[in-house]
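Worksheet: the structure to be examined is printed underneath.
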Ligand SMILES: Nc1ncnc2c1ncn2[C@@H]1O[C@H](COP(=O)(O)OP(=O)(O)O)[C@@H](O)[C@H]1O
Ligand SMILES: [Mg+2]
């Protein structure tokens, strides 16, 4: 029976080639997008899931509640790990991991440097490898990192350093020009979907601050993982945690501190905390993609249902005849479902080809180095089969019900019309839903693109163009050579200005601290972002002073520049009043006097409001960067010369630089990705919806040929007939716009609310989306209805 | 009112011309009631379609109210449909989705008749055809004879000068057929509406005042009916 059904199905599909094509085109594109989205979401959810203990692993993170806000921190105080190991009973293991990095040198037998490279490295406690079962190729993880000055390497690093990883163990490396590390183990490379991309693991015992006692100094580089004992529940740690907090946090800070236990699976997904891989994909983004995927599938299914029910009318005679011949309803349903599944299956084949073609583009869009593959994981084919069955039954069931339910007498007499053929109202509702989805996506796309343009073009209060941010070492020896470096770079033609500083005006990582203003008895009730720089900072970045002047050259005078926001928060009446007042930080008894007030500038991405800022005059250890402002004429040439100068000043170190503008663009990576996705998917949904519309108008036009002929001989013009056919579609699309607007408004307003600096939501995106949807509808529909209105009346009216 | 001269119509099939109408020439005056008769396939419908400008002749001239209408542009043809010509079909060809009243109203909408006037004309038609009670029924709720009455009412609503009817009673029982013929005669005599109908029935033809016999595309006889 199935074989016969299949044969008939294939014949029927062939007979209605046009509609089969429309169905397969719409479905396959929709399915391809869904597969892509599934592969991506599946990949994002696969982060850190390769470990045997994954459900018992948690990261300890920090949290502070302030009067006017809160802070989330992925790091913990350095004494926390040993304290937890001591105080918590339900923990099987506790392990600290500390980010570090610097110059590694490999010397040959004669003591000559064979390889010099800057690498990221981690100080890791041996317990870490009990929590995470990394595959070790050589050495014993528990013994390998027990002693200070031992190191374990990934296969890739061992090969890079020594040519052949098998020979690495026993050899030595020089780190930061001082420590000599002995290689004691080699482990398998960590996969890309990992939040701890460890390539070099140095024994934690050798970490210089490993015995640090301060609970008030927290850096995102100091993280801590715990492994829960089998059978215990993370909620049971709340009680011991309270006691723990009271025991160790004895002095009062300006915020109320807390620690949370973050499940391993969320390390990659919670954008509030960073991680060592610097990659998080927020749940919001994944949910957004999921919604788009569902939208796509719905749109494709709606096409299918609409075309199938419309087509049902033209097949009513066949159905009537079959029924008279004794076919039962169930058998008819089986036949129609076979047809649907056949179409869906063909669509899947096409979808696989489309997916394969689009995968490199997607990997590129998300800047993931791995290659996504259709069959890289068994769950993907399973998903595809599930999707075929889902689409086949969801899209096929309703039309099958309608068609198999026709009254045979009416059906044989061809009395079933598109109106009473069933699904007339449903079809309209579905078209409205489909277009509402389309309009929501168009509106969303327009708003995202507008917000991105706004962020690109908004004046930031400083000029980030043609500024190179060159890393400088900040050990005491290197600091001595700062002036030499500065003056040599400045002499370079094409360099306009240089400044040594801790960070540029806008920076993703900032250092917050508390302070007192004008000898006040207690600290200000907010923290300020603290930057340090020399006297050329304002000039180099084009920052504007609204009062006072920039730093003097005299290193002995302690000076500070503040921004407008800081004064506003302190309720200082005018910037002039602040000049000469003293700011004291970190219990400094003397303090620095305010010499200037700088006009507000955006100090980080535009999601955040401007922070209160203190710029200290200093070229000490907090300096990390030499900012070089250049003429735009020959930037690559100038950069090459700067690198040469740098290398001659710091032969022991490794040069690295970025451009300020690139650093700023990086803030909006997720907007860039979302913008592209919305553009692509909105395009796809528009395509699917309109191809469906075209199919539908074709059926309607065919169905109404006779009526149009009658109207023609009653005196209707072609234009009137075209309008008649079009109007019902135009009304549906108009209705879809009305339905879509409030939904789109809620989505968009929610999305925009993440930005401190955002565009005002005007009616234009809505109007534009309406014009686009109505315009394309009019074009699609008119194309077909014009043809229908032009057909010869005589042919249609011939007596049947 | 109608003047046909040397009308020819053929279809070319594989290089062979198959003639449907040959040398058809005739004149029909305002107020005549003409029946076209002849065996099946003689070309009756084709002739009527040409008269109704639904088809174009291959050769010959056709003047309608003194104007040559062969290859008339669409706008002018539609003007004629709106103002002067009413069609009645064997298969009624009512619009299934519209009620009786709406069907009758349809041509008036195209003629851009004002809504008050439309209402009164539709009411008048319904009244005249005794269909007031059925005004809100749909075509498939009516018998064949009733449907054809609606078809005629629709053709009359626009107050045409001429009605073209292709076997208007072909699907009806004889009692209903006679009712339709009585109606045609009344319209012809009292309102001076020109009627051209195709029919197979001598009895029906007897209601008119002239019979054109068509045989293999040629007018073989042109008779006046004597009462
Ligand atoms: N489009 C066409 N192509 C070829 N032959 C046609 C076409 N339309 C009608 N005919 C032929 O023209 C002849 C006359 O048709 P018609 O006018 O409908 O006859 P009647 O109405 O007298 O029965 C018939 O033999 C028919 O087969
Ligand atoms: Mg005929």
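The backbone N, Cα and C atoms fix where each Cβ goes, glycine too.
Database features (TrEMBL):
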type     : residues  : note
DOMAIN   : A:20-237  : domain 'MacB-like periplasmic core'
DOMAIN   : A:291-405 : domain 'ABC3 transporter permease C-terminal'
DOMAIN   : A:436-630 : domain 'MacB-like periplasmic core'
DOMAIN   : A:680-792 : domain 'ABC3 transporter permease C-terminal'
TRANSMEM : A:21-41   : transmembrane segment
TRANSMEM : A:286-313 : transmembrane segment
TRANSMEM : A:334-359 : transmembrane segment
TRANSMEM : A:379-404 : transmembrane segment
TRANSMEM : A:425-449 : transmembrane segment
TRANSMEM : A:680-702 : transmembrane segment
TRANSMEM : A:729-748 : transmembrane segment
TRANSMEM : A:763-783 : transmembrane segment
Contact call for the transmembrane segment (A:729-748) and the transmembrane segment (A:334-359): at least 3 Cβ pairs under 8 Å, seq gap 6+: no
Feature contact check the transmembrane segment (A:763-783) with the transmembrane segment (A:425-449), CB under 8 Å, 3 or more pairs: yes
In contact by Cβ distance (the transmembrane segment (A:763-783), the transmembrane segment (A:379-404); 3 or more pairs under 8 Å): no
Cβ contacts under 8 Å made by the transmembrane segment (A:680-702) with residues that lie 6+ beyond its boundaries: 18-19, 22-23, 25-26, 29-30, 33, 292, 295-296, 299-300, 302-303, 306-307, 310-311, 313-314, 418, 427, 431, 434-435, 437-438, 441-442, 444-445, 725, 729, 772, 776-777, 780-781, 783-785, 787-788
Within the domain 'ABC3 transporter permease C-terminal' (A:680-792), residues counted as helix, strand or coil by DSSP: 95 helix, 0 strand, 18 coil
Residue distribution over DSSP helix, strand and coil in the domain 'ABC3 transporter permease C-terminal' (A:291-405): 96 helix, 0 strand, 19 coil
Average pLDDT across the domain 'ABC3 transporter permease C-terminal' (A:680-792), rounded to a whole number: 88
